[in-house]
Structures are given as structure tokens and as C-alpha cells.
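Annotation source TrEMBL lists region 'Disordered' at B:1-25. Residues or ranges marked as transmembrane segment by TrEMBL: B:48-67, B:128-147, B:168-195, B:215-233, B:240-258, B:308-327.
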Amino acid sequence: MSVTGTEGGAPEILVRFDQVFKSFRTSRGRRQVALDGFSMSVPTGAVVGLLGPNGSGKTTALKALLGLARPDRGTITAFGRELPADQRFVARRMGALIEGPAFTGSLTGEHNLRLLGELHGARRDEVADVLELVGLDGAAHRSYSGYSLGMKQRLGVAAALISRPDLLVLDEPMNGLDPEAVRHMRELLKRLRDERGMTVVVSSHILSEVELVSDWVTIVRNGRVICDASVPELLARGTSRLVVRVHDAVTARSVLTDHGYTAVPAFGPAGAELQVEPPATRPTPSDGSDVLRLLTERDVYPRELVVESASLEDIYVAAVRAADAATATARQEPRHGT
Amino acid sequence: MARDRAVAPPPSPSPSLSPAGADGEPLPWRRLARAELLRLRAPRAMRYAGIGLPLAIIAFGLSKLLLHDRDTATAWRSAEERYAAYLADAQTHGLPVGSGLTARNYFRDPRYLMETLSFGDLRTVDTALAAAAVVFGMVAGGADWSSRVMLTLAAAEPRRFRLFATRALLVAALSMAATAAAGLLLLPLLLLAAFTRGSAAGLDGVYWAALASQYARGVLLVGLLCLLGHALAMLTRKASVALAIGFLYLAGSDQIFAGRGPRGAEYAMDGLVFAVLNEKPVIPLAQSDCIAGPGCEAVHVDLTAADGFLGVLIYLVPVLLVALWRFTRTDIT
Ligand SMILES: Nc1ncnc2c1ncn2[C@@H]1O[C@H](COP(=O)(O)OP(=O)(O)OP(=O)(O)O)[C@@H](O)[C@H]1O
Ligand SMILES: [Mg+2]
């Protein structure tokens, strides 16, 4: 399922996780697997969306990249260097927001940022610029503890930017942002990619946002990557849904099911309709012409035929379900053997 | 800030970041140290401490002016009165009069005698600072964990030993600098008290050497204790837990060490502190005016300042090593 690179001119890879394993010991002494053979690649200059259900290992993977959590096994390379051996080389090229913003509450946003900027040799005017970039210039001199969730989040992104990184790692930066701020963030990420050539890894639960901003998507489930592909490729791969509106739904349905299609009758806004899915054996997604041909051959003329292309959300849900099904079969197989 | 902008190069209509600053060089130590020092000094509490500490020292020094007096005649008069009362008392009750007992035994010198009193005053200040330094070390160590700023710092400087050592050194150095400054501030105030309310007699080379030694030992002790508090917070990753351990120790140490003979003082922190801060490296019991307490026990066993330091290190080294191990060898999550 995993696809790395596109056919013809594979993109240059900036970060690569290769079969990374990581487990934590819980307070009860049990081992909790966070990364279970996690492999992913981040193409240079791309915005990569990291998706996955809660607890799937996104944050752990990012912490491993930042050298905060050490993998038990596997290799991570970034900027052509192996981690954690060359972490100090890579650290200076990365800026990160991990598991929400982290600042000293009693200091102002600007003071907090200045202290971090000091580490990276950022000048005062650069601090002001970054604050303006994330839209916090108006609140720069207010105490951080008085910030709203969205303002804290923006300051977190500002802190990730203050080191002037080549690789920006953002763990759920859209959390708590209002729609306008989400849009601002989206445009900011695109600008950083386009104007600064930054590579951005962004984990998020807001799939529609990831779809809008990302060039590449990686879906994680139970510590393993179940899907790793460019967004256009992924959307093309997704099974589009066909909706056929026809007077004689009964005949239409029997025609389609005879040819291996599934046709589920439904009552849509425009009256009776059939939701059609092509047979699983079909190699390419249906563009509707096949359905139209089958129906007209049997003198059934649809009033309307709509091809609804899959959204990232559909693909995400399908991928997660498929992975779950695969895990379930894998679990059953040994039992059959014994 | 607005003024800063005005002198900055003409602001672009939409601010953009300057080209990548990462030159491939690892984070320079000087920059790390500078940033950490600024972070350490940033909290408002530190600014209050910067004002409060000198004020407290000045108040302590000036209190010597109020509590002391050159008027020995009045003191003699009251000593003689008390001696007379004692004699009368003995007579009415038919008790024998202690041989060699004179009015001198009832004389309490009201003068500020620099030669003897300054050691105790410096010890008082240093003891208070040592206690404060433990708390400061704990808070300075724990604050960045609770705010999770430590994640950002550890990501920026992956050389954890360097990060740990830099922070520990800075915290200790800051507390030592404060102690050194406090001593320097106290000394002229005590001299003032001596010149106006007492006597500066006997301030010879031996005296100054002893005072300088006590001063230096105080500075070092405060640094070590601050480090202990800091290491405890780095180990537990929570200032509150470190503070709780400190309080439990204070509450429990009497139970643990008391009644186990004077040598128990060698392991109780207050005895160790007393031993380190004594005016003489060894204080013979005969010259001591102490009556009870662990400090006194320390005197009873002739605990030297070196013994005191050794005892403090017995506490510090294991905690520091385990904290370092945890910081460098385990995940920061
Ligand atoms: N410090 C830790 N100690 C113990 N278990 C941990 C620790 N950090 C993560 N885990 C476990 O590892 C797994 C992956 O966690 P992780 O935080 O990486 O998930 P996530 O994908 O970021 O989830 P979310 O979307 O909720 O942020 C979870 O089962 C979590 O319980
Ligand atoms: Mg997470």
C-alpha cells in the first residue's frame, strides 16, 4: 500500500523513518507500543500531513525525529544524517511545536519568544517579524497566561519559526484555532513552503485542512504507516462514488448487480436514486461511462448520473478500516493454523 | 518595541523571515549559556528577589545599630544590681555564695564587638541563604518541566549532558553570586555597627583570615545546596515533588538522627551546615556557647568544616548522578 515517490523523477527525501520501533513503559509497568515498524518519507520542500487516530503514534514519531524519544530499533535519517547520532547537526535545522505550545506563563508572548530566539541568535526585530507573521503582533506584550488557546497555538508556531528552520515540525497546530485563524495558518504554511522552500510536517485531525494544505499525506494506525502518498495520487486512487437517478430503479439495480456492481437504493434530495459502487475487481476508478453503457444497453436511461469524487476523509476512513480488517485477519490466521 | 521597529530597516509590507540561520554548526555553548542565564533571570520572582535580598540584608545590618549600644556604664550598673540581688537572695535563703562569682558574670556587653559577633551574623545570613538556595534550585529546575519548555530546550540542544551541566552551573553560580554579594553588603554594615555602637578592636590578620574563610565556605555551601535542590527537581521533573521531599526530610531528619549519639550530627543537614559555617574550622566545646541542637552536636564531635562539606557531598553526589542519568538516558516527554 505504501507508495514512496511518484513514478518518473522520485522526489528528494529530506526525512526518512525506516522500520522504527518504540515502546513506552506505562506507570503500571506494562509496555505500550507507540511505533511498530513505522516507515515514512518526507519529500524536500513538501508539506506533509501526518494523519491518524488518537494514540496512533504521530507525536511519538515526531518526538523521535526531534531526539526527545529514542527509538528502540530502526533508523531515522534527516538532512542525510543518521539520528540520533547526528542530532545536533539536524537540531539546528528544525523548528518544532510538539503536543501544544510550551511557554512560561508569567512572561509576555514577546519575552517568551525572545528567550527562545536568544538560543538561535535571533535579533529583536526578527522576533517582532515572526510575531507579525503568525498574527500575534497586537498581543505581543500581553502575559502568556492571559492568551486564548488559539493565541498560545500561534505563539507555539512562532517559536518553531524563530530558529529559521529548513524543516518545520508542527504537531496539531490547528488545535483551538477559529476558522479564520485556520485559514491564516494554512496560507502561512504554503507561504513558508513556497517563499522559503521550507519542508513542513504537520499532524492534524482536521482532514479537510490537511487536504487543502498538504502535498503528501501519511496515515498512521497503531504505530504503523498504512498509507503514504502524494495528495493528488491519493485522491485519484480513492474510489469515487456514483449516484444514478433513474425512473426504473428496480431494473437498473438488477442490471448493475448482474455485472458485479453494488447498487444501493436511496432516497436523495432529487428523489429515488441508486448509489453505485463498481466491482472490487475493477482496476481503475469508474468515471461513470461504464455504468451508463450497461444501463442504456438494456434501455434504461438515467435522468442523471453524478460522480462524487472521494475526499481525504473518505480515503482516511477507508484506509483505517482496511488496516483494521487486515489486522483482524492476521490475528485469525495463526488460530486457523493450530 | 515600537521604537525598535522605527530604527529597524524599512518594514516590508508582509514580514518575511531572513534566510536560514542554521549554519550547520551545533549550538555554541556561549549562546546556550547566555540564553539560559536570561531565562533563569526572567521570572518576576527573580526581580523581586533581586530587590528583596539587598533590602533584607540592609535591614539585618541596621538592626545591629538598634540592638547595640556603647553605653557600658548602664550595663555594668544593671549587672551590679543583679549581682547584689543574687547575693541578697542567697543570704535570705542561707545558700552558699559561688566562689569566684562576681558582677562580671552578670555583665552583658551591649557593644557590637566585631571580633566575636560578626562570625555569628555572617553565619545567620549564610544559613538563611542556604535554605533559600535549596528552594531556588528546586523552582529553577522544576519550572521548565511544568511549563514543558524543557522539550523545546532539549530539542534545540540535543547534547543533554551539556544542557544539564549548563543549567546546573548557572543555577549554582547565580546563588553563589548572590551569597557573595550579600556578604559584601553585610560587612560594611557590621563595621558601621562596630564603629558607632561598639568596637572594632582585634581586627587583625588572623581575624580577617578567619572571616574570609568563613565567607568563602558560605558561598561554596550555598552553591552546593542550591545544586542539591536543583538536582532533586531535575530528577523528579516537578518542583512540587522536590519541595515535598525537602520538607519530608526536614520533618524526618530529627526522627532519624536525633538520639543516635552526637555522631548522628555528621549526617543531619543542619549539623553539617553549622559545621561548615563555623567561624573556626574546628570549634572546641569549651569556647562554644551553644546549649542544644544539631549544630551543638556537631561541635561536640569536633566536626570540622571539611567534614561538613564531605557530609553535604554525600547527599549531593548520588542525587546529582541519578538526575544526570535520568536526563541524559531517558526520554523527555
Ligand atoms: N510518555 C509516554 N508514556 C507511556 N506511553 C506513552 C507515552 N507517550 C505516548 N505513549 C503511548 O504511545 C502511543 C502513541 O501515542 P502518541 O502520543 O504518539 O499518539 P498520537 O498519534 O500523537 O495521538 P493524538 O492524536 O491523541 O495526539 C499511545 O498509546 C500512548 O498512550
Ligand atoms: Mg499527539
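Placed from the backbone N, Cα and C atoms, the Cβ positions cover glycine too.
A Cβ distance under 8 Å defines the sequence-distant neighbours of the transmembrane segment (B:48-67), meaning residues of its chain 6+ beyond its ends; these are 112, 121, 124-125, 136, 178, 181-182, 185-186, 188-190, 192-193, 196-197.
For the transmembrane segment (B:128-147), the most Cβ-contacting stretch among B:168-195, B:215-233, B:240-258, B:308-327 is B:215-233 (pairs under 8 Å). It is B:215-233 that, among the stretches B:168-195, B:215-233, B:240-258, forms the most Cβ pairs under 8 Å with the transmembrane segment (B:308-327). Within the same chain, residues 122-123, 125-126, 129-130, 133-142, 145, 167-168, 171-176, 178-180, 183, 239, 242, 245-246, 273, 276-277, 305, 308-309, 312-313, 315-316, 319-320, 323-324 sit at least 6 positions outside the transmembrane segment (B:215-233) and bring their C-beta atoms closer than 8 Å to a C-beta of that stretch.
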